[in-house]
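Chemist: A single structure is presented below for examination.
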Amino acid sequence: MRGRDWINKILPDELILDIFRHLESKSSRDACALVCKRWLRLERLSRLTLRIGASGCPDVFIKLLARRFVNVRNVFVDERLSISLPVPLGRRRGADHSVISALKIHSLAEANGSEDNETESYCLSDAGLAAVAAGFSKLEKLSLIWCSNVTHVGLRSIAEKCICLKSLDLQGCYVGDQGLAAVGEFSKQLEDLNLRFCEGLTDAGLIKLVDGSGKTLKSISLAACAKVTDTSLEAVGSHCRSLESLSLDSECIHDKGVLAVAQGCPQLKVLKLQCVNVTDGALQGVGTCCLSLELLALYSFQIFTDKSLYAIGKGCKQLKSLTLNDCTFLSDKGLEAVAVGCTGLTYLEVNGCHNIGTYGLESIARSCTHLSELALLYCQRIGNFALSEIGKGCKFLQALHLVDCASIGDEAICSIARGCCNLKRLHIRRCYEVGNKGIIAVGENCKFLTDLSLRFCDRVGDEALMAIGEGCSLHHLNVSGCHQIGDAGIIAIARGCPELSYLDVSVLQDLGDMAMVELGEGCPLLRDIVLSHCRQITDVGLSYIANRCTLLETSHMVYCPGITAAGVATVITSCTNIKKVLVEKWKVSPRTKRRAGSIISYLCVDL
């Protein structure tokens, strides 16, 4: 009934709080907070996660947030992101005027172009971390990405006051050994630790951390820590018996360290290695000791051979995911050993392993019948017959990625289409033997396909997209650089795929306004569109997209001579949800820049 507030009258606080917790998007929660004072108060109580860009006086900003959201459990700070002020800079009843004054001063300094203390004002500092510690005592997850002004002093504040901390991400921070020692001393519930690109750390700091928090640690990531050696991994193996995930990217780690972890951490399930000095000996130890291993990723190994994969296949029977990236000396025999021993494999990526060919993939097809995702990148020796066998043996395949596989053509794609009817995602790039025949087979057989990418496949034309439009309901489509595709193909997609949300048609020289008109009519859910290098598209076609695709968030349209400043202005004014526009600078009028300068990006200054 009009004028009656039944929700607030009937529902208790506990039930409204439970409803708020089920809202997934931040915009929905913010909208609910604007309904009334009660909902504002309850929404603040239900907010568990904050994401903060460490720019624009973040220390003061965090103090303000700490007063508003008292039950926050997760805080993410990333200096690469920007923030907006949470309140207008005017006076408000009940506001903390000291905080707002500080934000005002900072805003005025920006407007006047002041560069005094520029680095300090734009970076989270130890004072900001102290505010996090004081304001969010229930904190469980803290992520500090590239917060270069944070030191061991701030990290100690967190460790002392946030005793429930379970996850700590210090990527790119300079916290030093003292900071890690403080975490080890106070954080007795720590489970996840990320120390990627933490320069200045040594064995001393990491050893103290695992000595104090090692019993609960389940995940450790290390990269580019030049002074962290095998000694640290020996400590991990001694103290972290519950460790389940280890990611290492280092030139200072050798077999000794990896073996120590393998022998000391029997519950290890995830192992990612990019260590050029690790050899067969370490991987053989993993195969012998890590019987629960489920994911193995090996990057840029120039030393080890098929002996490593023999050991993995023999011992790691639970392996489900295998990534082999630039592993020069691996061959078909090694991959066959994994296929025979790890029959539950569901994900396989082979990237730049030039000695792996058709026979190795045939072994996967015969033995790993539950394979759901396959990625082959720069595999010149893998041909059509290998994928034909995959089509026959791997009926549950849902995703296929092919990049620069010169020996794979229509015959292989037809076999995949006929055998893998559950295929949902197909990405093909620079496979010049793939043409209309293969993609038509996909459209006729793969009715669940929602994501299709055909980048720089010169033999794919309109006929292929017509079949896709008739047989599949795509959400994502990328046909960048497929020069034979024109209006007819995109019109077929527009009429057959009403749920399309992402479209990349860049570098299609024959695509014109007629296709844009059909997209505007047929794809109302379109959120992202890339039109760059489309010389036939003009302001007329763009206006149809802008006026009818009201959910549009991003638009890339550089090197489109038919699109002028008027077209850019139309996108800005018509698309209320627009977040990013990529265009030449000279196409942005002063009025458009004043209206939406923050969402416009420029590829070049002068064109």
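The backbone N, Cα and C atoms fix where each Cβ goes, and this holds for glycine too.
Pulled these features from TrEMBL for this protein:
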type	residues	note
DOMAIN	11-42	domain 'F-box'
DOMAIN	130-248	domain 'F-box/LRR-repeat protein 15-like leucin rich repeat'
DOMAIN	253-469	domain 'F-box/LRR-repeat protein 15-like leucin rich repeat'
Chemist: Mind checking which residues reach the domain 'F-box' (11-42)? Cβ under 8 Å, same chain, six or more beyond either end.
Modeler: 48
Chemist: With DSSP as the yardstick, break the domain 'F-box' (11-42) down into helix, strand and coil residue counts.
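Modeler: Tallied per class, the domain 'F-box' (11-42) gives 23 helix, 0 strand, 9 coil.
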Chemist: Would you mind splitting the domain 'F-box/LRR-repeat protein 15-like leucin rich repeat' (130-248) into helix, strand and coil residue counts from DSSP?
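Modeler: So the domain 'F-box/LRR-repeat protein 15-like leucin rich repeat' (130-248) is made up of 48 helix, 24 strand, 47 coil.
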